[in-house]
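Everything on this sheet refers to the single structure shown next.
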Amino acid sequence: MSLLADVLTASRRNLIAAPVLLAGAAVAVALGVAGTHYWPGTRSLPMWGFSAPQIFKAYLSSLVLVFIVGQLLTAVWIYRFHAPKPVHVYHRLFGALAFGLSLPVAFYCLYTFGFQIGHEVRPRVVVHSLAGVACYGAFASKMLTLRLKRTPNWLLPVLGGLVFTSFVLAWLLASLWWFRTVGFAR
């Protein structure tokens, strides 16, 4: 009887994952749709001392990458080694800083450059656009998972991994590409 109860409990927990994942997908789609209403180069935004918005985005997203790597390392510590309480605090701090600093980057991406897909757009730009909105969709699902009770044990680490992977992919295709193509000038 306990095996059946365990299976039913696991099934119920896995069912909770579906609406959480759908909510994240809705966030990603909404951002993509909103971004399609802006055509690249039609808006100007403050550049905060940088000579171009791409440079501002490249440097700020590189800082975000540092915090995301910090969050990944603290997450591994928390999940694998029963980390002391300060590690949990640092994990949350890294996450809050990464999210907060990523918002101007995302805003500039969507508002200044738009969500670019289509046959005339370079594949690098298409994948960057998809990775960017996927990152925020995964983040929304991750935040929901943290607030809900009785979610499957696999859901939080998978969503954290999706946030990390999608952000790193977006960074590689935009910031690293920019630094390698244009250089490190401000």
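Our numbering is plain: 1 for the first residue shown, then up by one each step along the chain.
Every residue, even glycine, has its Cβ placed from backbone N, Cα and C.
If you look up TrEMBL, you'll see 20-39 (among others) marked as transmembrane segment. Residues 106, 109-115, 117, 129-130, 132-134, 136-142, 144-145, 148, 151, 155, 159 of the same chain lie 6+ residues outside the transmembrane segment (20-39) yet bring a C-beta within less than 8 angstroms of a C-beta in it.
If you look up TrEMBL, you'll see 59-81 (among others) marked as transmembrane segment.
The transmembrane segment feature in TrEMBL is assigned to 93-113 (among others).
Tertiary proximity for the transmembrane segment (125-144) is limited to same-chain residues at least six positions away from its ends with a CB under 8 Å from its CB atoms, namely 20-21, 23-29, 31-32, 35, 99, 102, 106, 109, 115-118, 156, 159-160, 162-163, 166-167, 169-170, 173-174. Taken from TrEMBL, the feature transmembrane segment applies to 125-144 (among others).
Annotation comment: TrEMBL describes 156-179 (among others) as transmembrane segment. Panel annotation: around the transmembrane segment (156-179), residues 24, 54-55, 57-59, 61-62, 64-65, 68, 71-72, 75, 79, 102, 109, 124-125, 127-128, 131-132, 134-135, 138-139, 141-142, 145-146 of the same chain, lying at least six beyond its termini, place a Cβ under 8 Å from a Cβ of the stretch.
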Non-local residues, at least 6 beyond the ends, that sit with Cβ under 8 Å of the transmembrane segment (93-113): 31, 34-35, 38, 40-41, 43-45, 53, 56-57, 60-61, 63-64, 67-68, 70-71, 74, 129, 132, 135-136, 139, 167, 174
